[in-house]
Amino acid sequence: MSKQQAQFTNPETPGYVGFANLPNQVHRKSVRKGFEFTLMVVGESGLGKSTLINSLFLTDLYPERVVPGAADKIERTVDIEASTVEIEERGVKLRLTVVDTPGYGDAMNCVDCFKPIISYVDNQFERYLHDESGLNRRHIVDNRVHCCFYFISPFGHGLKPLDVEFMKALHNKVNIVPVIAKADTLTLRERERLKRRVLDEIEEHGIKIYQLPDAESDEDEDFKEQTRLLKASIPFTVVGSNQLIEAKGKKVRGRLYPWGVVEVENTEHNDFLKLRTMLITHMQDLQEVTQDLHYENFRSERLKKGVTSSKVEHVEVTKDQILQEKEAELRRMQEMITRMQAQMQIQGQSGDAQHL
């Protein structure tokens, strides 16, 4: 048997076809292509949203942000700010988009303050549907919101009416993960009491938050235990900080108080590591739920309405426009085929002339 032939045979395992290598192929292709993920953060100002996001991904997404004064907040409207950063770790690339909502809950009158957020989420679904309906679908950018961290104030006794209204308005569109901010302002007993109160009110109002899937029966025991702990930690109580301080002879990220140090990455102090673990280990599931549940619900509703018209960033997209775009793409493809045929004819004629 030749050396070249031996490369394509496997005498040691008769009957082996090679399908077992398919996951490796998918893995290599995914690593080359990279991953896309969009995270939305919503909550009142002063709850440490920006600090937490920077702590989670060890980057500064808001280097030029200006914090508004108290007078500016009285009539402030909700802005939508999307920041995209390319993160690479051990050869794996992640295109992370963080959608912030400065101004949410800040104004004296917060009625309908979450409507711009709903419009943004719907616009991303609409854009994806429009791109998916085109002929060139190879390079569709997925800007749909895959997860929403909803920040709850630790200074109340549970959910505010605005919290309930927002989550009920968004829970059928986005995977909502409730987060109790500034956990260092609460004692351990207060923390557990607030967690139970928030969960009870979420159930009472019929709010659907993101449910972590159960671990498969063939998963190892460590992963099963990790999944159980993550589920038991919802809503996550977190502390964020980008400052390095010295504690017990080592540098840690945390906050220094007269009574001691709160370490960001210490599970005994807060749920920061659990939140990050949940996001990283369930990133694929968050994307799948977005695709299979939230986007499909949106798409079904659009199809029922006949996709008569909609707005994608204030640009009207109608059936006629979609048909025109498809016709234009078909014309371009036909022109390309015609040019290729003409070139082949010229080459064929020149070849015949040489033989003569």
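Cβ from N, Cα, C; glycine included.
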Annotated range (Swiss-Prot: region 'Important for dimerization') out of 259-269, 314-324, 325-335: 259-269
Region 'G4 motif' range according to Swiss-Prot, out of 109-112, 181-184, 293-296: 181-184
Rounded Cα-Cα span from PHE155 (site 'Important for dimerization') to GLY103 (GTP binding site), Å: 19
Close approaches to the region 'G4 motif' (181-184) from elsewhere in its chain (Cβ under 8 angstroms; 6 or more beyond its ends): 43, 47-49, 52, 151-154, 191, 237-239, 255, 257, 262, 269-271
Per-residue pLDDT averaged over the region 'Important for dimerization' (259-269), given as an integer: 82
